[in-house]
Structure formats: structure tokens, C-alpha cells
Amino acid sequence: MWDHEIRAMVSTHALIAASMFMATVLPAVFVEGFSVYRTHLLWLYCASGAVNVVSVVVFWLLGVTPSTKKHTLGYKLSRLFRSCLYFFLSCLFFHTVVVLYGAPLIDSALETFSLAVLLTSLTTMRCLCVLGPNVQAWIRVFSRHGAMSVWDTCLQITVACTLIGAWMGAFPIPLDWDRPWQVWPVSCSLGATIGYLTGLVAAPAWIHYHRKHLTYKCK
């Protein structure tokens, strides 16, 4: 019943994963000494930008993003403004949460905000692509039994995997191993990225396995 949507989902996730791979490999051609560890912030913004651009384009081409064809130019500009505003507010929200969890408040503010940008790119941007700048729809999807499509279910899984990965990435930081990936916020951003990629694989696999039992309420 959901085979078409699952195939589209797999293709979308493959493109997004490929964009993150290219964001890791291509900058090394143009930037001397580029690496995930030594130039971590540069890599972080390259990965965030790649995910944002590819997500917007692919979800728009698939028609997953809520349509605005019947609305005026002013309405479309308003949606664009609200989407940018929500993205920025999400960065501030994640920055605040990370600081409350023990990140340096002042000494590494740039690094902390950069991690917040990555988390926003991997979670909030996907919400904007799938649901649009509609906070009520976001609350619905992340409430119990709130999914109304396979894309909503996929959104739940990928966001959960990303946040769990970022949280687990913080565990090695206080250990006295003196490794380059223990420098703030390398392990958290790598954990979030690994969690996100895991979600890209797990979501369509879980939906395919449970497709006969999936039932969604009408929107």
C-alpha cells in the first residue's frame, strides 16, 4: 500500500546522505588541511548547508512540502519569512538547551551555536519541509498517534535518532582519553550526524516492515 512512498523516501534519504558525504569530501579539494576534526566548524557548516539545500529541493520536487500554489505572492513570502524565523529561533532554542546541559556559556559560544545550527538543520528543517511553518502540525506529529502519513512517521524517527545521537555523543567528552574527537562539540555533532544517518536508514526500513499495519487518520 505504501510501496510508492517508501521508494520515494529511500531515494530522498539517499540523496541527503550523499550530500553529507560530498560536504565532507569536496571541501578538502579547495581548503588545505580540511578535515572533520581539524576544521570541524567549517565541516559542520558545510554539512548543514548541504542538508538544508538538498532537503528543500528534494521535498519540493516530491510534492511533500505543503503547496502554496493557490495563494498569493504575499502569502508565499510570509511563509518564507516564518520559515526563516522558525529556523533561527530553533537555533537559539537548541543553543539554550545545550548550555543548560552543561556546555560552556561564553568560552565556546561559537562552537555551541554551530552545534545548534547543525541540530536545527537535521531536525527543524525537516519539519519545515514536511509540515511547513505550522507549529500546531509539529505538535500534532510529535504527540502520541499524531502521524497522518508515512512522511510524518519518518519525521518522528529521524528527529528522535538525531537527538539521541547528539545526547550519546556527549558521554565521551569528560573521559580522560585526550582524543581529537573529544574536543567540544566534535563528539556531539558526530553523534547527531550518525544518529541522523541511522534515522534515514531506519525510518523507511521500519515503515516497510510495518506497512501492513499502518493506518493513518485523514487530514
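Heads up, the Cβ atoms here are built off N, Cα and C, so glycines get one too.
Note that the structure is a prediction, hence the values are computed from the model and not measured.
Lifted from TrEMBL, the feature list:
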- 12-30: transmembrane segment (TRANSMEM)
- 42-63: transmembrane segment (TRANSMEM)
- 84-106: transmembrane segment (TRANSMEM)
- 112-132: transmembrane segment (TRANSMEM)
- 153-171: transmembrane segment (TRANSMEM)
- 183-207: transmembrane segment (TRANSMEM)
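Counting residues 6+ beyond its ends, the transmembrane segment (42-63) has Cβ neighbours under 8 Å at 8, 12, 15-16, 19-20, 22-24, 27, 31, 34-36, 114-115, 117-118, 120-122, 125-126, 129-130, 189, 193 in the same chain. Residues 9, 101-102, 115, 119, 122-123, 126-127, 130-131, 141-142, 147, 187-196, 198-200, 202-204, 206-207, 214 of the same chain, all 6+ positions outside the transmembrane segment (153-171), place their C-beta atoms under 8 angstroms from a C-beta of that stretch. Taking Cβ pairs closer than 8 Å, the transmembrane segment (84-106) reaches residues 112-113, 115-117, 119-120, 123-125, 128, 133, 135, 170, 184-185, 188 in its own chain, all 6 or more past its ends.
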